[in-house]
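Worksheet: the structure to be examined is printed underneath.
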Ligand code: GLU
């Protein structure tokens, strides 16, 4: 069977690492199975959906290496949704209800006090045509509910009706349709809630696997019933665990700092985000992968655990560092250039190879470039006796070409002349040369500085 999956965000904000987990589970599943990946914008909420968010989501995904085969907008598919709603109405499976929120709440409380499950009692099904006409006459507009197939003869006598599916992530699942209310599919103002458009589009787009967060597990029971009511076979489902913050709160489109846009602007590597988004909360070790293709090879949706996984930005930093330390010059040269490194300088490539193990983000290399080409940083300064020591040491800089052996020869000469050793010998020179107490090997920096560059730093 050919596989078709979809990632269906609502374009009502910027996506975060938790949303990306869903996108990537689908993308890797498609890659692994040679399938198609649809990016479908669930934008039926016209008030809150914005094209700029849709554009940002598409660009975030592209940056992360997720390249949809198709892009669809639910808002352009209203005719299909209307046709499906009409079919359900004709079949008596979508019925008008006139209760207000207060009425529903009152009934719910009564049911609870009678120890009955707080589900909708289908009172609207008992309305006569006259009663409906009277409501309409008062200006009341109906909302529409889907009649769940959880009864034999009378809809008022529901019975346990199990829906089963073999979840791609969680294994065998069971939901009892008698434990839930008939879902509202259409609001009073005629707009659709998410359920019906989602099912209609999944059918018409030939979606074979719906992989999404486990906050949708109960929806799935009703959605399977809806697929069947529309004459379609339900696709396979997979529900992965959700990500929370370190303190256990759910990630939301409002937690701006964790949005992909913000992480990208902050200089994170896409594969650090991708690796963490996929591997966190699974039985696999979290390690930096080189590409989504590499991740797809070992990707197993079933390895994700059932409980929520905590997203810790410190883990992202670790992965980012690992990746940055292995990036070749050719891969980063554009970014180095925009951060201020003169990549036409013949030293640029060696410079990158020397500093990359000392930076967290690619852009951090720019400060080392300034140290190299403009002068020491102001983070650390020489004090007291160290000033005289450094002056003395500078006079001992070996003659001849400045190369990889210069540092060893230089410090030996300084040691002999001053009796200093260890930190007291090296650190003042590092501080004089770079204005920092830590950083790349000085032995590697010296050839980049050259004799003139070194001597210009004599205090
Ligand atoms: N728009 C829905 C959401 O973001 C999609 C859920 C689904 O994948 O079916 O929660």
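Quick reminder: no glycine exception, Cβ is built from N, Cα and C everywhere.
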Quick check on the annotations: TrEMBL lists motif ''HIGH' region' for one of 9-19, 20-30. Which range is it?
9-19
250-254, 255-259, 260-264, 265-269 - the range that TrEMBL marks as motif ''KMSKS' region':
250-254
Would you mind splitting the domain 'Aminoacyl-tRNA synthetase class I anticodon-binding' (347-457) into helix, strand and coil residue counts from DSSP?
73 helix, 0 strand, 38 coil
